[in-house]
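Peer 1: The structure under discussion is supplied below as structure tokens; questions concerning it will follow.
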Amino acid sequence: MTILAATTASSSGKQLNGHASEIRPRPPFNHLPTPSEGNGHLKAARVESDNTSAISSGRSTPVPEDAPPSAHSIQHARREKRRRMFPTVAYESRVSHFDPQSQYHDFRGFFALFWIGIFIMVLNTALRNYRDTGKVLRTSIFSLFYAAPAELAFADLAMACSTVICLPLQKMFARNLVSWEKEGHLLQHLIQSIWLGIWVYLPFYLQWQWTHQVFFTLHALTLLMKIHSYSFYCGHLSDCHKQLKSLDSNNTTVESEADAELREKLAFELTCPEGKVTYPQNLTLPNFLDYLLCPTLCYEMSYPRVDHIRWAKVVEKAAAVFGCVFVLTVTSEEFILPVMTEAALRLESVQSWAEIGLVLLESISLLLFPYMITFLLVFLVIFEYVLGAFAEITCFADRHFYADWWNSTNWLEFSREWNIPVHRFLQRHVYGASRRHTSRSVATLVTFLISAAAHELVLFCITKKLRGYGFVCQMLQLPIIAVQRTKFMQSWHTLNNIMFWCSMIWGLAMVSNPSIMLARLDFENFTNCKI
């Protein structure tokens, strides 16, 4: 009652014990910025709240001197922060971890959860196989790895050694025995075409299994890009070296300002960024072999390096490679091959095109999740473990092999971020070379054509028939990209990311399923089908 009386007296503005007491005006409510203003408002709001509570709550009035001691204690407690006897939950303005404005980016637990899920899948598969067949795993695909492994290893080593042919050619260009600008680059294109034709034809001639052929073809394409980058970059340096030597033969006593500027520009071009190597000192066998082992497709005279090799990391990544290959084989053996085999048998007895469409749609739906797992495992085994292991062995410091491609909103963004070594090669040696002679749209078209042809070559190695499904589907990305890059579509970031993932998962099953199943059958069997 005393507190209530004091409050009433103060509200009427009367004198109480000689002290004037008035209601303090309530401070205006602090405006919290909108989400678009960023996370900075969180700390600002918290500090402002602390300062306000230290002065007054805005709802209390001064306590008269004759008030009970408890009133003074409460008033004092409102102005101080102290640990309470009863546990207190601290609330403040903040966002959740999955909020787009959150600064939290550590989700390694989900990576561990992914591998736990993979382990559960393999364990359930092994138990089911043991119950049904008495064997832990099926061996139809595993048996392919035991077919002529020594022959594959010898051929792969021979192919890698054959890349050294570009080194003596570059020495000829450096000595000005052959001009790179006139006929040298044409000779290099001819040699590269012959080289690729020989090594792509070899698996067909030896009648290898598709597993051996796909690995060998992918390695051949990788070495081809390395040869091309090494040859054309060194060829460019040979022209620069030739121009620099021509400036030395200038008989004038005073060099013009333009020649001096050109000399400095050429000298800078012929020296690596660290200043350790200068052309043609880089044209050595150790330098070339080091480039072959480095996890990059774009040649430079030198690369940034780390101090030492962490052999524990090398062993860890090598073990992860074999583990991923094992899980990939189990996934193909248990969830992909049976679906395709059953669908291929059903296609042999179809009577109408409607039945063909039903079989294909059913098999595609069953393959969506297995292909998604396969895609993620292939990504990990190549860009995280294989390239990471070679980076450790060569002390290669730049290990930015991929970016956050899983947040892509269009296919062009995905192509830049999921395979950075290939993206850099295409940007430097395909798009950049084409851009000097054509428009941007034509250069982009040429880049996509070459990339689509390489992907179709891999499918051709699997099916042994040229269907063109992969080529057509990849070229269809161009109109899709044009739509996704409009201002209207760019505002729907989450929707575009969902569309990207749906098209990625659906596209893998849609392209691979018809390509492999129809390759087993003669297309003439479908000419008599009824609509």
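Just so you know, the numbers here start at 1 and follow the chain as drawn.
Here the Cβ of each residue, glycine as well, is placed from N, Cα and C on the backbone.
This is the feature table in TrEMBL:
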type     : residues : note
COMPBIAS : 1-15     : compositional bias 'Polar residues'
REGION   : 1-81     : region 'Disordered'
COMPBIAS : 50-60    : compositional bias 'Polar residues'
TRANSMEM : 110-127  : transmembrane segment
TRANSMEM : 147-169  : transmembrane segment
TRANSMEM : 318-336  : transmembrane segment
TRANSMEM : 356-383  : transmembrane segment
TRANSMEM : 442-460  : transmembrane segment
ACT_SITE : H455     : active site
TRANSMEM : 495-516  : transmembrane segment
Peer 1: Tally Cβ pairs under 8 Å between the transmembrane segment (356-383) and each listed stretch (110-127, 147-169, 318-336, 442-460), then give the stretch with the top tally.
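Peer 2: Result: 318-336.
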Peer 1: List, by number or range, the same-chain residues at least 6 past the transmembrane segment (110-127) whose CB is under 8 A from its CB atoms?
Peer 2: 136-137, 327, 330-331, 334, 373, 376
Peer 1: Same-chain residues six or more away whose CB lies under 8 A from the CB of H455 (active site)?
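Peer 2: Correct list: G470, F471, Q474.
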